[in-house]
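Asks: The structure follows.
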Amino acid sequence: MRINPTTSDPEVSIREKKNLGRISQIIGPVLDVAFPPGKMPNIYNALVVKGRDTLGQEINVTCEVQQLLGNNRVRAVAMSATEGLKRGMDVVDMGNPLSVPVGGATLGRIFNVLGEPVDNLGPVDTRTTSPIHKSAPAFIQLDTKLSIFETGIKVVDLLAPYRRGGKIGLFGGAGVGKTVLIMELINNIAKAHGGVSVFGGVGERTREGNDLYMEMKESGVINEQNLAESKVALVYGQMNEPPGARMRVGLTALTMAEYFRDVNEQDVLLFIDNIFRFVQAGSEVSALLGRMPSAVGYQPTLSTEMGTLQERITSTKKGSITSIQAVYVPADDLTDPAPATTFAHLDATTVLSRGLAAKGIYPAVDPLDSTSTMLQPRIVGEEHYETAQQVKQTLQRYKELQDIIAILGLDELSEEDRLTVARARKIERFLSQPFFVAEVFTGSPGKYVGLAETIRGFKLILSGEFDSLPEQAFYLVGNIDEATAKATNLEMESKLKK
């Protein structure tokens, strides 16, 4: 991390001597620091505590000012563990917010919240840095072009297409496949994407962060031999980090992405896994700062904190940031304040369903709950729009009939309804797809399906052309031709058994 020029600079040394405080209280990750009268630091300024603990181990803790308490005291939140700190230790006000390295030097590297490399590959060039707190682009700078961002995932491209330069949310409870879906999107988009990507791991499992790093090295997205040719920068603040780090690591990743957009004028992909942990960390910090909790125990500033982050993730006339964010849904309740606040900022929502995951349909994307502002005839075209609407109507009718089927059975339905149910079950299975990143689990090679192929496949199912084929032929296949080939194989297998 580089906040200011080196401390050997005499001007900086004088200012540091002037702006020296003392720790007056420590409660977990929160420090109260007393400063001389008239030398109070600003909100969001970085404070650094250096010294040695009782065992002689070196201490270097960076904090961020959150409150001015009066009586020349400030309250700050630590970005790393506070073990070894004690009252009376010197604290230096750095005079600026946290600043992190940006630009080409960040590619192929893993950083923590302070912008320090944590991959044991040596130091990073810190000549170009940027503060993590800044205002969103002015309204007049924003870009309003509308175009589809193809992912190669059938259910997403057909029913809830993503916007290039937009914000996308992947909503789901624990264990329904958010991280697998985000890794597949990285695989499909980041590899084919000409620009750069930034991945922010916010409060998730360290193992998943390690898996992602290894996978990116294998696929060539990170080039170990020549890091400058890498296409991604990784910023991690995992589950074991203090709440201050988890609350700010998203801003560190966003700051790196903003530099590529504004200075290099590139199209950037920003992946955040998981935005709920950002809210959760904010809630922890809010309680530590003594604020009165709001609904369900969340911080009273929830909407403001979310808005401050999300408004910076946008596309300008210089370049774009396309953001894909995983959102954990506590107890599968989409009305919980954290996911509900996130909904308002998104162009497309991909909702993952536990019911579909239980059926073994992966990706477990709920075709009726997932939405997109892009699914309009003037944007996607009449053919795409009509096909998507017919698929949704068929699945909605099947959903309505499920209670009748459960009580009376299929035989009691009309001929038309039985046909609808048969097609809906084929559609449901055809919405599943083998993923590249899940090959070890499914045993099937991953498939990328173009948008035109996706539309053709669903149109053929809706037209009744494949009414005679068994529904299992449509499960975990790529395009419709693979489904017909699978049906032929199944028929041959059944004949051989006889």
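Using the three backbone atoms N, Cα and C, a Cβ is placed for every residue, glycine included.
Below are the features I grabbed from Swiss-Prot:
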| type | residues | note |
| --- | --- | --- |
| BINDING | GLY172, GLY173, ALA174, GLY175, VAL176, GLY177, LYS178, THR179 | ATP binding site |
| MOD_RES | THR6 | phosphothreonine |
| MOD_RES | SER13 | phosphoserine |
Asks: If the ATP site is taken as the center of the Cβ atoms of GLY172, GLY173, ALA174, GLY175, VAL176, GLY177, LYS178, THR179, which further residues of that chain fall within 8 Å of it by their Cβ?
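Replies: These residues sit around the ATP site: TYR328, LEU352, ALA357.
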Asks: On a simple 10 Å Cβ count over all chains shown, which one of the binding-site residues ALA174, VAL176 is most densely packed?
Replies: VAL176
Asks: Specify the secondary structure state of GLY172 (ATP binding site) as given by DSSP, simplified to three classes.
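Replies: In three-state terms, GLY172 (ATP binding site) counts as strand.
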Asks: Let's check the environment of THR179 (ATP binding site): how many other CB atoms sit within 10 Å of its CB?
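Replies: Around THR179 (ATP binding site), other Cβ atoms within 10 Å: 21.
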Asks: Does DSSP put GLY177 (ATP binding site) in a helix, in a strand, or in coil?
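Replies: Coil, per DSSP.
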Asks: Name, in the order they occur in the sequence, the residues of the same chain whose CB lies under 8 A from the CB of GLY172 (ATP binding site) and which sit 6 or more residues away.
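Replies: When sequence neighbours closer than 6 are ignored, GLY172 (ATP binding site) has LYS178, ALA326, VAL327, TYR328, VAL329, VAL351, LEU352, SER353, ARG354, ALA364 within Cβ distance under 8 Å.
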Asks: Can you check which residues sit near GLY173 (ATP binding site), meaning Cβ under 8 Å from its Cβ, same chain, 6 or more apart in sequence, and list them in order?
Replies: TYR328, VAL329, PRO330, ALA331, ASP332, LEU352, ARG354
Asks: I need the least crowded one of these binding-site residues (GLY175, GLY177), counting other C-beta atoms within 10 angstroms of each C-beta.
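Replies: Result for the binding-site residues GLY175, GLY177: minimum number of other Cβ atoms within 10 Å at GLY175.
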